[in-house]
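**Q** One structure follows; several queries about it will come next.
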Amino acid sequence: MSAVSTPSAAAVDDRVAARSRSVRALRRPEIGALLGAVAVCVFFLIVASSFREVANVGTILYGAATIGIMAVPVALLMVGGEFDLSAGVAVTSAGLAAALLGWYFNFNVWVAVLLALLISLAIGWFNGTLLNRTGLPSFLVTLGTFFILQGVNLGMTRVVTGNVASKSISDMQGFESAQNVFAWEGSIGSVEIKAPIVYWLIITAVAAVVLLKTRFGNWIFAVGGDSDAARAVGVPVHGVRIVLYMFVGFCAWLSGMHLLFAFNTVQSGDGVGNEFIFIIAAVVGGCLLTGGYGSAIGASIGALIFSMTELGINYAGWNPDWFKTFLGAMLVLATLVNLWVKRKADAR
Amino acid sequence: MSRRTRRTTAVVMVALLAGGLAACSSTGGRKAVEDAERARNAGKATTPTMTVALVTHSGPGDTFWDIVRKGAQDAAAKDNIKLQYTADPDGPKQANLVQQAIDKKVDGIALTLAKPDAMKAVVGKAHAANIPVVALNGGLDSWKAMGVTAYFGQDEKIAGQQAGERMLKEGAKHPICVIHEQGNVGLEDRCAGVKQKIPATQLLYVNGKAPASMQTAITSKLQQDKAVDYVLTLGGPIALIAVQSKASAASKAKVVTFDTSDQLIAAIKTGTVQWAVDQQPYLQGYLAIDQLWLFKTNGNTVGGGQAVLTGPAFIDKTNVASVEKFAASGRR
């Protein structure tokens with residue numbers, strides 16, 4: 001827990017001795033993931049000709065962004081020692097909330113978007129509060145929320161629309177301006193840039209700065225490392241957890257709005273299973289499943305590895321029957337590289 | 001949360017709601033649809049109330065199965081039937097749901113035989129309990145051998161062949177067939193049918209639960225293989241995603257699909273999607289329930305022991321207008 005306590009003792013012993021720059025760099029949690037990403041990238045650059053085309057970079061980045069926007073808050077949460085299994089369907093819930101409220105009450109689209117934000121934040125607050133009050137493992141609490149949301153997504157959609165997908169709100173006032181915010185598209189040279197890519201980079205940067213440079217970041221590490229010890233030294237453990245869950249809620253809202261305005265409607269059964277992809281991205285990016293260690297940048301690199309692998313297999317034109325097997329093998333390899341680098345650095 | 005932040009939150013929410021009421025959209029939304037929806041009163045049978053179970057292999061929130069269910073509900077309302085709908089994509093779990101219907105001593109069971117081996121035993125139990133069983137949508141090869149009264153659906157392989165034939169006629173050389181549920185026999189059959197007509201057809205597996213992931217997967221395929229000239233999806237909502245992939249990849253491929261949804265109908269009208277293979281899911285649900293009523297009240301068998309095919313038919317620009325007005329209520 002070197003990030004928490006900075007000993008002021010003047011006596012120099014080997015635990016606090018200055019380390020060389022390279023060793024310090026190697027000890028960062030995201031370095032293994034970075035090497036993994038380079039390995040995956042080089043591999044597909046060799047085997048898939050379409051992977052080499054600059055114009056296709058936008059597709060890979062978009063795929064990474066839609067995972068990464070959620071992987072970053074999930075990673076922060078994991079550093080804080082908790083899980084969120086409801087993160088996948090929470091994205092769908094946010095999109096549905098905006099689409100259904102707007103459609104049912106004939107709201108201006110922007111009003112619906114803001115109400116959806118309140119609902120998403122409330123889901124995060126609910127997760128955090130339930131966790132704090134009950135003391136149950138977050139795995140159980142958020143598994144409960146996962147099922148509740150899955151049912152509400154389906155049930156509410158049918159109550160409101162009579163169908164299982166939200167009605168299109170593309171003919172309602174405010175849709176176009178909201179689309180310009182959440183689902184704009186542009187290009188840099190021949191590379192197509194979509195809104196989530198920029199949001200992803202901003203969220204990664206903000207999360208990385210908060211985690212590494214602020215007192216709140218230290219609190220997250222402390223809570224994830226040993227919550228009792230953290231409480232003993234005055235860290236507001238409950239508050240930290242609630243903020244982390246609400247950050248997941250906020251990012252779920254952002255992803256949900258993108259899906260709604262990029263695809264016009266939301267299918268009520270969507271999102272199931274994505275929670276694991278977010279967690280996988282965080283773990284590949286160097287987060288420990290036990291908490292107290294990890295990084296935001298790493299989670300984003302994890303998302304990039306996932307996206308490169310997924311699309312690289314398409315670009316290579318391989319037999320799709322084995323798709324999941326390739327994916328699994330690549331992910332395990334990336335994680336192993338990650339682990340190996342960490343051991344090497346720790347041994348020094 | 002302290003009392004002050006709590007009060008602030010409450011004030012913000014009230015303000016938002018008040019603002020919301022003032023900031024309404026005067027276009028689109030529920031009002032527009034409700035204005036359009038007519039009252040559906042097809043008369044009602046005076047026969048004694050029956051209870052019928054409809055057990056499908058649908059996953060939650062599937063637009064296709066929602067249309068099947070609507071057909072079943074409409075028939076049930078007309079026939080004075082209490083409809084109990086349950087579904088599970090997992091074969092053994094679906095069989096268990098049928099067992100529960102038998103336990104409840106329902107008057108009839110309509111079910112899908114997408115995984116026939118898993119359903120065989122429980123269909124036998126229904127017969128032993130003297131409960132008539134009809135099959136729909138899946139199980140064309142196995143319903144007769146199981147002693148099921150009637151079958152309503154399409155032959156997925158034939159449907160695939162016809163889609164392939166039409167694409168071939170339109171000049172397709174390198175289509176891709178997008179499968180959104182790995183291992184689903186019906187979906188694999190469709191693509192296999194297409195492949196029989198156009199051997200160069202490539203399969204592409206995508207994650208049907210994540211639209212952004214489907215979008216990038218199809219985009220990457222189109223970027224990788226510029227020769228792809230047709231994208232065939234196996235569900236209405238997926239075709240609409242493929243349209244976006246096509247734009248992202250700057251591909252000239254045509255988008256065609258199996259099965260519809262109300263928004264897909266609009267896409268066919270505007271020409272972004274060429275056509276859809278329609279197996280009339282509403283009819284499958286409706287006829288299955290109606291058949292059980294006819295069998296109970298008059299001993300009739302629709303189809304006279306032969307499968308009743310509800311598709312494939314094509315919806316394209318020439319006939320989309322006749323479908324459009326029914327699609328808004330989610331029945332086409």
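Glycine is no exception: its Cβ is also placed from the backbone N, Cα and C atoms.
No curator has checked TrEMBL annotations; they are predicted automatically.
Given the structure is predicted, the values throughout are model-derived calculations rather than measurements.
So TrEMBL lists the following for this protein:
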TRANSMEM  A:31-48  transmembrane segment
TRANSMEM  A:60-79  transmembrane segment
TRANSMEM  A:85-104  transmembrane segment
TRANSMEM  A:109-127  transmembrane segment
TRANSMEM  A:139-160  transmembrane segment
TRANSMEM  A:197-222  transmembrane segment
TRANSMEM  A:242-264  transmembrane segment
TRANSMEM  A:276-302  transmembrane segment
TRANSMEM  A:322-341  transmembrane segment
**Q** Please work out whether the transmembrane segment (A:197-222) lies in contact with the transmembrane segment (A:139-160), by counting C-beta pairs under 8 angstroms that are 6 or more apart in sequence and asking whether there are at least 3.
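**A** Not in contact, no.
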**Q** Using a Cβ cut-off under 8 Å, which residues of the same chain at least 6 positions beyond either end of the transmembrane segment (A:139-160) come close to it?
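**A** Distant Cβ neighbours of the transmembrane segment (A:139-160) are 83-90, 92-93, 96, 100, 103-104, 123, 126-127, 130-131, 166, 268-269, 272, 275.
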**Q** Can the transmembrane segment (A:322-341) be said to touch the transmembrane segment (A:60-79) if we require at least 3 CB pairs below 8 Å and skip pairs under 6 apart in sequence?
**A** no
**Q** Under an 8 Å Cβ to Cβ limit, what residues of the same chain, 6 or more beyond the ends of the transmembrane segment (A:60-79), are close to it?
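**A** Residues 87-88, 91, 191-194, 196-197, 199-200, 203-204, 207, 210-211, 220-221, 224, 244-245, 247-248, 250-252, 254-255, 258, 274-275, 277-279, 281-283, 285, 287-289, 291-296, 298-300, 302-304, 306-308, 310-311.
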**Q** Near the transmembrane segment (A:242-264), which residues from the same chain, at least 6 beyond its ends, have a CB less than 8 A from one of its CBs?
**A** 66, 69-70, 72-74, 76-77, 80, 82, 84, 87, 90-99, 113, 116-117, 120-125, 127-129, 131-132, 166, 168-170, 175, 178-179, 181-183, 194-196, 199, 203, 216, 220, 270
**Q** In terms of Cβ proximity under 8 Å, which residues at least six beyond the ends of the transmembrane segment (A:31-48) contact it?
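**A** Non-local partners: 25, 284-286, 298, 301-302, 304-305, 308-309, 312, 315-317, 330, 333-335, 337-342, 345.
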**Q** Which sequence positions outside the transmembrane segment (A:85-104), separated from its termini by at least 6 residues, show Cβ-Cβ distances below 8 Å to it?
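**A** Contacts of the transmembrane segment (A:85-104) (Cβ under 8 Å, skipping residues fewer than 6 from its ends): 70, 73-74, 111-113, 115-117, 119-120, 123, 127, 139, 142-143, 145-146, 149-150, 152-153, 156-157, 160-161, 166-167, 169, 172, 248-249, 252-253, 255-257, 259-260, 265-268, 270-278.
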